[in-house]
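Below is one structure, written out as structure tokens, with a few remarks after it.
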Amino acid sequence: MFQGVYTAIITPFKNDKIDYDSYNKLLEKQIKAGVNGVVPCGTTGESPTLSHTEHAELIRETVKAVQGKIQVVAGTGSNSTREAIELTEAACKDSVDGILSVNPYYNKPTQEGLFQHFQAVAEHSSVPVMLYNIPGRTSINLQPETVFRLSEIKRIRSMKEATGDLGQMGKLISLVGNKMTVLSGDDNLTLPLLAIGGVGVVSVVSNLFPKAMVEMVKYFQDGKVIEARKIHYDFIEAFALAFMETNPIPIKAAMSWFGHCEPEIRLPLTRLSQNETSVKFKKALEVLKEKGYE
């Protein structure tokens, strides 16, 4: 089962191609910071704009680059169950440590449809499956009762929870018990979720500040709640501003500001708007850097 800090890693582009030089440096940064793993080809990695060839290549190159030093949980979700299975099987052949499977978007299946979709994906996976519930992007909410049913399936071992609803998260944790781990899909709710039984985060902000996110989670797990809380409060403005526009627009801009990649992003997403809010975001990040956060 997955726990700790997993970075929903960006996909850097240069001249509309994946920039592997920058990408490998990002992976090195994550390894050095001590994250538990990275999640390529997720929402933050702009997976909807990757071709099937790019998707497979990016996962393969990630596994090769990290050399087993951290886990690779590959995004293989689709609104077509058949396609999700194909992506999952391909990722498993490339020796990933797990897969991230998002709710089928656009189709708006029933809870039974969601159950059967994830059941089918899990049956074709040779590695643990992390479910991904993000109704704000998929228009469908994977209910705790459905997750409880799914927790009986051998391969389904974790869930990335991005509903923003702590009440639902608490109910989910109480239902699945020790059958599954639950990780936050919202940076600003990582600490609150840990307090009610969550075990980590799939983080966007850890692209830029992986060590800080690792420290916050570890402090809490070690019983150093005050220290964990300090990091949470220091980052609270950055957590909010990192989602001032559709993810990954703000974090992609932030990574470019600090020299980690080009600001390039693929349509239909566009570059971060230049306004008072973006200036505020950059300043908040600079303040965190001045405080010594990495």
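Here the Cβ of each residue, glycine as well, is placed from N, Cα and C on the backbone.
Classification of Thr43 (site 'Part of a proton relay during catalysis') by DSSP places it in coil, neither helical nor stranded. Long-range Cβ contacts of Thr43 (site 'Part of a proton relay during catalysis') within its own chain (separation 6+, distance under 8 Å): Ala8, Gly75, Val102, Ile134, Arg137, Asn247, Pro248. Summarising the annotation, Swiss-Prot assigns site 'Part of a proton relay during catalysis' to Thr43 (among others) and lists sequence analysis as the type of evidence.
Annotation comment: Swiss-Prot describes Thr44, Val202 as pyruvate binding site. Within its own chain, Val202 (pyruvate binding site) has Tyr6, Thr7, Ala8, Val39, Gly42, Leu100, Lys160, Leu183, Ser184, Gly185 as residues 6 or more apart in sequence whose C-beta sits under 8 angstroms from its own.
DSSP classifies Tyr106 (site 'Part of a proton relay during catalysis') as coil under the three-state reduction. Tyr106 (site 'Part of a proton relay during catalysis'): 9 other CB atoms within 10 A of its CB, across all protein chains. As annotated by Swiss-Prot, site 'Part of a proton relay during catalysis' applies to Tyr106 (among others).
According to its DSSP assignment, Tyr132 (active site, proton donor/acceptor) is in a strand. The active site, proton donor/acceptor annotation in Swiss-Prot covers Tyr132.
Its Cβ taken as reference, Lys160 (active site, schiff-base intermediate with substrate) is surrounded by 27 other Cβ atoms within 10 Å in the chains shown. Look at Swiss-Prot and you will find Lys160 tagged as active site, schiff-base intermediate with substrate.
Around the Cβ of Thr44 (pyruvate binding site), the number of neighbouring Cβ atoms within 10 Å comes to 22. Under DSSP, Val202 (pyruvate binding site) is assigned to a strand (E or B) in the three-state scheme.
Around the Cβ of Tyr132 (active site, proton donor/acceptor), the number of neighbouring Cβ atoms within 10 Å comes to 26. Put simply, Tyr132 (active site, proton donor/acceptor) is 13 Å from Thr44 (pyruvate binding site) when counted between their Cα atoms.
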